[in-house]
Each structure stands twice: as C-alpha cells, then as structure tokens.
Amino acid sequence: MIWGVLMMGILLPQCSAHPGFFTSIGQMTDLIHNEKDLVTSLKDYIKAEEDKLEQIKKWAEKLDRLTSTATKDPEGFVGHPVNAFKLMKRLNTEWSELENLILKDMSDGFISNLTIQRQYFPNDEDQVGAAKALFRLQDTYNLDTNTISKGNLPGVKHKSFLTAEDCFELGKVAYTEADYYHTELWMEQALMQLEEGEMSTVDKVSVLDYLSYAVYQQGDLDKALLLTKKLLELDPEHQRANGNLVYFEYIMSKEKDANKSASGDQSDQKTTPKKKGIAVDYLPERQKYEMLCRGEGIKMTPRRQKRLFCRYHDGNRNPKFILAPAKQEDEWDKPRIIRFHDIISDAEIEIVKDLAKPRLSRATVHDPETGKLTTAQYRVSKSAWLSGYEDPVVSRINMRIQDLTGLDVSTAEELQVANYGVGGQYEPHFDFARKDEPDAFRELGTGNRIATWLFYMSDVSAGGATVFPEVGASVWPKKGTAVFWYNLFASGEGDYSTRHAACPVLVGNKWVSNKWLHERGQEFRRPCTLSELE
C-alpha cells in the first residue's frame, strides 16, 4: 500500500436512531429469543422445501416407470383406451400441477417472519460497539488476542471461539476507528489462525494488506516492509502492495541517508537509561483504574485495616431495625465506604428489574458545559428511573435508605436502575458537581449530591468492580448488598477522593440501582461544620 497515495477505505452505512443493544446485557437476552424464533421458522421452511422435493421425486419416479414401459411399444401402449386417456390427462392437467408445485415459493412464511424481526436486529452501531467493548476488555484486563479467541476467559459457563474471519472483522472495526494498535493485534491473530490451517473465507492476502498498513501507521517501517514482501510472495500482481514496496524502500533509503549525514559520532552517543518502575501512587489515573479493575494496585496497610469493622446497625434505634439490625461492613476508611449486606431481597430485585426493563435507555451523564444530560462513550450501560409512586417496593426501598443513612430521601433523585452491556463500564467520574459546574443540578433545586447509595442487584462472574483510583479502593459486586459513601464533607465541600468508576464487565450480567441524595433537607440531619475538610 502506498499510504497517502493509496488508502484503503471501509465505508459503513450511516447508523440510524437505534436502541443500542450492545449497552445492555438484559436487552441482548431478548435477541437470543428472537434468533431462536427465526431458527424455528427456518427449520419449518427447510421442512416445507423437503416435503415439496419429496413430492416432486415421487412424481419423477412414477413418470419414469410409466414412460419406460410406454417407449418400449408406443403404438401398443396408446392403443389401450385407458392409457390414451391418462396420457391426455397427464399432459393437459398433471404436468401443469407439477409445474405449479415446482414454482410454489415455500419461503414466503420465513421471509415474512424475517422481515418483521429484522426491524429489531442490531445495526452497525451495535456491532462496532461490541467490537470496541472487546478491545476495552482486552486492555483493562491484560488479555492477549489468543486468550480471547480461544474463549479462555475467567468465570465463563459457555466457552465460545473466534474464527479467523471473526478476528479479521474485529481488526477491520479497529481500522475504521483509526485504532491501528488493535488492528495489528487482531490481524496478527487472524493470520496466525490461517497459518495453523483453519479453513476460512478470509485469505492471507487480505489480512496482510491491513496488517502491513497498521504496522506502518505505528512507525514500524521494517516490519511493514517485511509484511508487504510476504504479501507479494502470495500475490505477486497485487497492485497496492507493489506500489507500497517501492514507497517503503524509498522512505527507508531517505532515513538511512539522513542518519549518515547526521552530525556527531553515533558511537559516542550515550544511550538513555530505561526508566525504573513508578510507584503505584504516582501512576496516571487510567493505569491505576485498570490495575484496580484487575484486583491489583494499592493495598491498605495492616494498621489501617485494623480500623475497619463489621457491625450490626439499627439505624440509630430505628424501630424497624432494633430486632433485625442491618449487617454493616467497612470497605474503606478515607473516604469512608460502607457495605450493607442482605439489604435487598431477590424478590425485590426482580420487581425492580421488571419495572425498569421496558424503559431502559442509553445511560446519560451531565455535560459540564450545558448542564444537560447527554450520552458519552465513557459510560456504556442502559438505565431507567423509578419513582416511589410507581410501586410499593420502590417506595419501601427508598424508606430503607432513609432509615439506614439518616438522610432525607424526599429531595433525592429517583431510583436509577442500570444494566451494563458488553464490556459495560463508567470511567472515573465524580457524582457531585464541582465549583466549575454551578448549574449541574440547578433544575432540581435541591443542591449538590451529598451522598451515593448503590445497590448490587446481581453477581458478576468476572470484572465489574466499583473502584476509587484516588485512594486505591476496589468494591466488588455482590448480589443483595449495597454500598454507601458521602460525596461532600459536612462543610459542603466536595470530597475529591470519592472519584470512582465502574470497571468493564468481563463476563456476566451486571445490574445495579443507585440513589443520589441531595443537600436540601439534610441541614439538621447532617449539620455543617466549620472545618472545610470534615
């Protein structure tokens, strides 16, 4: 390929407004049932075609026997009045019936069903979203392409493999997004599987075409040249590869000339020593976030761990919890993160999920510039809002939060239910509005988000932790539990250590619901202090 002269282009159709199946595992399960219905319809069509062919075969066998007998003595055969009548009948009527049978389209029912179902099919946005989710999981959990291709993921119940064609398609998605790092990884995986003898509709020439370009874009000219030569061994007439071979050799020649003319003796130059490992505390946030998602990173000292306790909590002598107090566990000290165990029943969870499912839509975030809600690539999930007036269970859950936190829920936001899709995540963010976002919650008129209550409504096979990169805390999903923390100090100042994230779901289905409690109504429940950081 002559890059800049000959460029490969992959044009995807424009995506129309679409529900975005890839953002919700819950809605993707509906697709499984839809596909099962289509398979049943397809099998019915195949059976109808087989029955039709069986009838035609019987006709052919009968007529073969009849004509074989008739052709031995044609005059004698038609000399029989019955044979003469039946010959007229066959040619005038029965062959027409056979023609109608052959022309009968047995696919009408299947095509009609397929047409109806197709309007609910995923589109290009979903396919690209699912592919990018695989890339995200690959990076976050340090998974190599071969591990993913072989289906060797932790906690999987149903092992699934990727074909060379699948790997090629993933590489093409990365290419379309100008993500040449993942293009290289997945094209190399496709090439490896082809070289191992896997039968595929994809050929090595096509894979090498993309692979050499991805490698070139990342600055590895030597490897790009090597791959181009390998492509030309398979297809010496490949026009783009021949052009690119000349281009690569020209660029390499220019670089060699530039190196020769460079001043100074290369042998006298000192090599720059490699940087030593950086302490975890000083790693950029993205690295800390990914390490915490993998269960690595900062570990709490034994001295701090001794300050964490489990206890029974009665909600400050609340009558509802005196005889059956809530089980409370300290997950972290600063910020203080508390987990409540067995705080929501399976029956309540199912009711909340059933209420939320019909109205799940792509989760939104507050745009700091406009103050309005908008979708974002760093939040991949679907959510729905439930009011306490809709169902007694929702009202009961709201009151339980009030009883256990001591905070007024009348000024809180509605219960938000979220279901995470393939690689579903919510990258590091604050729940509270910062000083440069004065209008974030102005429409609500209830002040800033003072605290967050988060229910875990499912177990997750792998991944899906809630992590706090600033302090190194990781809280893992456990069905029936909830975690609680304050976003603001008692002074009303934001606690920046509460910056947190929802790690990508590696395997499984993650359901959560959260309640954001606001400042209004808490004046006497959580009095303001004079110290800014208390």
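Think of each number as a place in line: the chain as shown, counted from 1.
Placed from the backbone N, Cα and C atoms, the Cβ positions cover glycine too.
Taken from Swiss-Prot, the feature Fe cation binding site covers His429, Asp431, His500, and the record attributes it to sequence analysis. Neighbour list (Asp431 (Fe cation binding site), Cβ cut-off 8 Å, at least 6 residues apart, same chain): Arg449, Thr452, Asn487, Thr498, His500, Trp516.
Summarising the annotation, Swiss-Prot assigns 2-oxoglutarate binding site to Lys510 and lists sequence analysis as the type of evidence.
Annotation source Swiss-Prot lists domain 'Fe2OG dioxygenase' at 411-519. The helix, strand and coil residue counts that DSSP assigns across the domain 'Fe2OG dioxygenase' (411-519) are 3 helix, 53 strand, 53 coil.
Asn113 (N-linked glycosylation site) counts 17 other C-beta atoms within 10 Å of its own C-beta, drawing on all protein chains shown. Per Swiss-Prot, the feature N-linked glycosylation site maps to Asn113 (among others).
Other Cβ atoms within 10 Å of the Cβ of Asn259 (N-linked glycosylation site), summed over all protein chains shown, number 9. The feature N-linked glycosylation site is assigned by Swiss-Prot to Asn259 (among others).
The list of residues near the repeat 'TPR' (205-238) in space but at least 6 beyond its ends in sequence, with Cβ under 8 angstroms from a Cβ of it, reads 1, 3, 8, 164, 168, 171-172, 174-175, 180-181, 183-184, 187-188, 190-191, 194, 244-245, 248-249, 251-252, 255. The repeat 'TPR' annotation in Swiss-Prot covers 205-238.
Sequence annotations record features per position, and here Swiss-Prot assigns signal peptide to 1-17 based on similarity to another entry.
For Lys510 (2-oxoglutarate binding site), the nearest of the recorded positions by C-alpha distance turns out to be His429; the candidates were Asn113, Asn259, His429. For the repeat 'TPR' (205-238), the DSSP-based tally of helix, strand and coil residues reads 27 helix, 0 strand, 7 coil. If you measure from the Cα atom of Asn113 (N-linked glycosylation site) to that of His429 (Fe cation binding site), you get 44 Å. Between the alpha carbons (Cα) of Asn259 (N-linked glycosylation site) and His429 (Fe cation binding site) lies a span of roughly 47 Å.
The secondary structure of Asn259 (N-linked glycosylation site), as reduced to three states from DSSP, is helical.
For His500 (Fe cation binding site), the Cβ neighbour count at a 10 Å cut-off comes to 27, with all displayed protein chains included.
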